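Asks: Can you read through this structure? Questions will come right after.
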């Protein structure tokens, strides 16, 4: 069971349907198709619906999801069935096979390619060159066989017109070491005739549209397919197939597989010969049959590497040996045309069989000794035509439907056998299951002396002219009382059958009407010995090797060759015996519609396919006893969280006891049976209930795990952060200690230095001590300098410090960048305990001209003086009349002294020396010192708060001192 898909996509396993009926089956199949779920299960059978669109479900990521997993662990997929077959082969050392069936266009060929792709992807993990070479050849063989065995039909652009069974051999490690291919019933009639809207085999169109001009000239052919009678019907069709690219891919694949250059050229020559044969026409001149376009004979002679007269003779005459006499009998125009077509069909069939044989020669296991290398195991992949019903069902379709009867019989027998063996192995009572046994139809076809094939062979062996009507009469005589056979003669009122032409067989999948027209000729499959001798006598060794029977003498007596029907019957019996000795896995392909639409699901068409594939019968067999079964350990692993007795681990004697306890706790004990190694659940509802409980518990478990994991991550993150912090702190301590040691070393003897170490360069502080960049003067050095000052000098220093603190952050700059120079403080004197500050400034007079002035501040007055007249006082302002000072924040260096009578003194600091960037810091300090000293003096004299503000000039920065 695929338990990882939501029920919104329908039931992933048809065994779990509530009611086993065709209506329920079709409704579930349609729902899954519409939801994009093209794969479903019936137990261990994969049901595949052709999506008619590219789907991104076959990549490397998907392969990894299915590698080594059980069927029920992932949603239904081809990879799951391929992995199951591979594990059975590798673990249990058993030969397995995968049987792919379905009608044309249902996706069988694509399914087989994906299975091969999966097996190639999961093997040879050690990348051994020889194994890779074998894998590559196995994959490339598909490309070659599709080119020569597939064709575009009205139902499918890449329809396989032959059956294929490939054995892949593995060594004891599970790596592919070789393989073998068997082909069945190539539709060679397609070589000379195709229905409207269909093409001949891909190989013709690839050659004409993809080969270089030089090759086409050497083969005497042109690019236009409509120029050749055998393929002109298909040449008129517009197709999305890229024949040119396919030609190159096939040529490269043949080289990779190991075809030589001469072999590839011979293949092209045979294809060209068949095209030329189709254009040969015959006429009559009296009693003589002639070839009308004789130029083609010389072309055919060149391509076949034989003599021209031998070609013409083989086409127009037949050599007959009667005892010792040899007679050359001339053909009529009709017989010559029949012989030409028979030669074309035989050459293509022989070419195809030779290609298969050549691939087998290259990929077969060589020099393998089981005693040395271990047992050689096999996975077989069968891609064979499906049961089909046409308006005019011919001999080929009769053989195909017989093949499907054989495979269906094997399918039901093996499924029943597997079920019965499993029940017996587990000790579960087995109930007899009624099902349709199609052995009666198989006997109708293949039974000795009474079957249809036997009647057909008898008709072909009759002396004289034997017709298809004679064959039908023989059928009516021997099968008149058979319940599954009828004809118009046996049912005169049945107007759906034509007299002397039709017969009907009631197959397991439905009634099919066959026309006997062509049965005799196709069964005889006559090819005149003259053609075989012609081709054997070719000087081309490759072509010669394809016709070994041509070496027989004309008069040599040989056994009658087996008919086509007998050969096919024998091959089917051998195939079924081969499959029966392997552990089978099945892929049942369904075609949803005839118009290749990815959206259309034709209910009635799909219903017919479900019937003839026996899918509903398969569901009934699986559901006859118990719908679901699983080993105790795996069942417990999936559902143990439901019960407190089994979560997280149980302490019961065995897993079987734990499963019993779990199911009893859920109340399902009445609906299950306990085998020796497996638990069997009768109804799907019980399983769905278990799944619902599991889904609920999984959600709670996930939340718990998320909580635990998030806590774990948080603790891990905390530990990492704490460790990083400890390391960072230790590193910082190391850097600080290193810096302090370096400072101590440099300033070790500063006490004895004249400038107390002022000339010593401070070491660069570490990044963890950025403040050392701006605070370099140590307190010791400052105290050493200050302690030698007089009280008056100490007072001045304190005032400067106070001014710096007061103006800190109040001005962007102090006018030091003004054009024309920088501020220069002219004099600073200390006398009689009174601070005198003289400042050089500029003043704008009433004529708007700048004049130099000096401002002197004493402990009582503020004087404005003229420096040009020996500093003669021009104005005196008592300090008690000064209410504040404003300093401009810009580069204009404006200073305003505010007075009580509003007669403020406005001056502009002027530059006395050129700008010197090295003195900027010193000048700024001096200016600030001057300003704040004035403020401090006023505060001292007046004994009241004093502010340096912007009362009269809003653009000035205020400074307050109290």
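Glycine is treated like the rest: Cβ placed from N, Cα and C.
Note that this is a predicted model, so its numbers are computed, not measured.
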Asks: Kindly point out the range from 903-922, 923-942 that TrEMBL annotates with transmembrane segment.
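Replies: Of 903-922, 923-942, TrEMBL gives transmembrane segment for 923-942.
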Asks: Other residues near the ATP site, CB within 8 A of the CB centroid of 102, 103, 104, 105, 106, 107, 108, 109?
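Replies: Going along the sequence, the neighbours come out as 50, 156, 159, 386, 589, 591.
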Asks: So what sits near residue 109 (ATP binding site) in its own chain, CB-to-CB under 8 Å and at least six residues off in sequence?
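Replies: Same-chain residues close to residue 109 (ATP binding site) (Cβ under 8 Å, separated by 6 or more) are 146, 150, 158, 159, 160, 383.
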Asks: Starting from the Cβ of residue 105 (ATP binding site), draw a 10 Å sphere and report how many other Cβ atoms land inside it.
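Replies: Its Cβ shell of radius 10 Å holds 24 other Cβ atoms.
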Asks: Pop the mean pLDDT for the region 'Actin-binding' (572-594) in here, whole number is fine.
Replies: 88
Asks: Report, as numbers and ranges, which residues of the same chain sit near the region 'Actin-binding' (572-594): CB under 8 Å and 6 or more residues beyond its ends.
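Replies: Distant contacts of the region 'Actin-binding' (572-594): 29, 33, 42, 44-50, 52, 78, 81, 84-85, 88, 94-108, 111, 115, 155, 165, 182, 184, 378, 380, 382, 386, 402-403, 406-407, 410-411, 414, 446, 600-602, 605-606, 609-610, 613, 615.
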Asks: Could you list the residues of the same chain, at least six apart in sequence, whose Cβ is under 8 A from the Cβ of residue 107 (ATP binding site)?
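Replies: When sequence neighbours closer than 6 are ignored, residue 107 (ATP binding site) has 48, 49, 50, 589, 591 within Cβ distance under 8 Å.
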Asks: Using DSSP, what's the helix, strand and coil tally for the region 'Actin-binding' (572-594)?
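Replies: Output for the region 'Actin-binding' (572-594) reads 9 helix, 8 strand, 6 coil.
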Asks: Taking only same-chain residues 6+ apart in sequence, whose CB is under 8 Å from that of residue 103 (ATP binding site), what do you get?
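Replies: Sequence-distant Cβ neighbours: 155, 386, 387, 388, 589, 591, 609.
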